[in-house]
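Report on the following structure.
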Amino acid sequence: MSKVKTMLKIGGGAVLLAAIVAVFVVATQGRDPDLEALEQEGREYIMHLDKMAGLRKNRASLAEWAYTSNITKENEENRIQVQLEISQQEKQAWEETKMYRWQDFQDFSLRRMFKKYSQLGVAALPNDKYKQLMLSISGMESNYATAKICSYKNSSKCDLSLEPDLTEIFSKSQDPEELKYYWVQWHKAAGARAKQNFTEYVQLDNEAAKLNNFDDVAEWWQSEYEVPDFEKQLAKIWEDVKPLYQQLHAYVRKRLRDKYGEEVVSTKGPIPAHLLGNMWAQTWNNIESFTRPYPDKKEVDITQAMQNQNYTPLKMFRMSDEFFRSLNLTAMPEKFWKNSIIEKPTDREIVCHASAWDFYDGEDFRIKQCTTIDYEYFQTTHHEMGHVQYFLQYKDQPVVFRDGANPGFHEAVGDTIALSVSSPKHLRRVGLTSGDAEDEQTEINQLYKMGIDKIVFLPFAYTLDLFRYGVFRGKTTPDDYNCHYWRLREELQGVEPPVNRTEEDFDAAAKYHVSADVEYARYYVSFIVQFQFHRALCQIAGEYVPEDLTKKLVDCDIYQSVAAGNALSNMLKMGSSRPWPDAMEALTGQRAMRADGLLEYFRPLHEWLQAENQRTGEHIGWESSKIQYCTEEQKAALNAKETKNRTEAAHES
């Protein structure tokens, strides 16, 4: 940078004369030409910075992809080396960006770009600490990805991994002892082993937060949503959804008790977490076959139909691509088909967790997932393709705006499409189910199937970040990790661990996103806003008319609606160039996250569950768990804290 520019940026003697002249000019023109010159200079600077940032992000993504698609020591070292070099470059750029007085610029987009670039992220840490943070995260991530468990039936066979082995056992086994065994072993291997790395990561990540002018990582994560009362909004949404969740919980607990007996599932307590068909009890789809409301209604097994029709991973991806094209959206580019990994390789370890990748060069976009031929992956494929469609729509924005309007929007786009794809109407269209339109019983079964995916996920997602907010704020110390985690899971989700837990265990890290440093409120937000998006798109497509029983929300499929596609495109093209309420308004006319779309979708199910639970006299809600996961001291401390919080809240109100 030349001396002149530096002086202009900081302001000094040279500017004084100009300022005196400017006062006169402003009086005549209403604009300060000097500010205009500074703004023009700022624009040139930021456009260059943005271009360089794109190159850096491309390089970082390539190194990250190389490692996660082939987990070797060499690739890990290379990835960390690249991250270190890039963090150095970002730090230099950040120092320079901070010298501009961008807050006074007239142009909103320019101010927004400066604001985003004046946050450095974890690269603000000194080199040695930055490297230590990267190592603690990749330590947790590779422990998670490579953890192996011994077989319940054959203790000398010790090569079972989470995907596909344990996932399949949880989806099929109905033996509580077998499920309990795998639950305990996985939580030991993926959870407990990560505690030291996690504790170090929290400390270093909090240091980085402070260097970015946040009190802690909790405040940093929430800043992404650009609303002052984000946590209050999450709490309000949960209060709105809770009555529906409690009805669903009570109904499922009764069905599980009927199956496994009272000594396994209590009448009024939380549900044991290992019996819900999923390692984390975050979605319960896999217990649908023996819990559904009308068991005699012939249930169409979509997975079976896919296998009978010789589905392949490629076919699933082609169908998803065709869905987006039918909405007049962008087809997947050639490079996507060439570079993506859509099946688990047999010759190396990879991170199987499904993910979509933007390489920030406007042409390279990929998905990496270990696809199996089943209905869940059919939906996952559409979800991941939704991310890529979002990438394609905003690829012409400046690099800094190539992101979702908020983290939840990115997650919601593919799910919104999946709501259409999983509708009975669409499944008939693509030949995965046959037969007539839905009668009331089939519709309740269908809504139930959706509910044990979409509704039950909300308290799980809410718990995961409420727990981490407490950790980052220092309210939950390493001595209390497991106690506080299970206290939240019991309180909000009504589930309990299958066996007693202690602080030797660290069960939160047995979930990928905790071990991989991925914020989770985005999924909670997504599961709420996707129903707002879906409802708006269905109305635009003429597929949903409130109060018209022939045009119900549950049976809406926006396939082939160019009008819906164009409306979606208008929102996606914005990327993160405007605050998210603007993006949401562009599609839905609403400016807030509201549970009303979800509650409207599930209203018939809610009414049915209330009537059914009344008929069977089921207890709604849950009493305290008999399983020990906090010591008496921990319980006393928590109770004291809760009393104090209640007293403070009462004073405030």
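The backbone N, Cα and C atoms fix where each Cβ goes, glycine too.
TrEMBL names the disulfide partner of CYS158 among CYS150, CYS352 as CYS150.
When the recorded positions GLU411, HIS513, ARG522 are compared by Cα distance to CYS150 (disulfide bond), the shortest distance belongs to HIS513. Same-chain residues with CB within 8 A of the center of the HIS383, HIS387, GLU411 CB atoms, the Zn(2+) 1 site residues themselves not counted, are ALA356, GLU384, GLY386, HIS410, ALA412, VAL413, GLY414, ASP415, SER526.
Taking the Cα atom of each, CYS370 (disulfide bond) and ARG522 (chloride binding site) are about 23 angstrom apart. Rounded to a whole number, the C-alpha distance linking CYS538 (disulfide bond) with HIS387 (Zn(2+) 2 binding site) is 20 angstrom. GLU411 (Zn(2+) 2 binding site) has ARG522 as its nearest neighbour among the recorded positions ASN70, CYS158, CYS352, ARG522, CYS556, going by CA to CA distance. The Cβ of HIS387 (Zn(2+) 2 binding site) lies under 8 Å from the Cβ of ALA356, ILE367, HIS410, VAL413, GLY414, each on the same chain and at least six residues away in sequence. Taking CA atoms as the reference points, HIS383 (Zn(2+) 2 binding site) and CYS352 (disulfide bond) are 15 Å apart.
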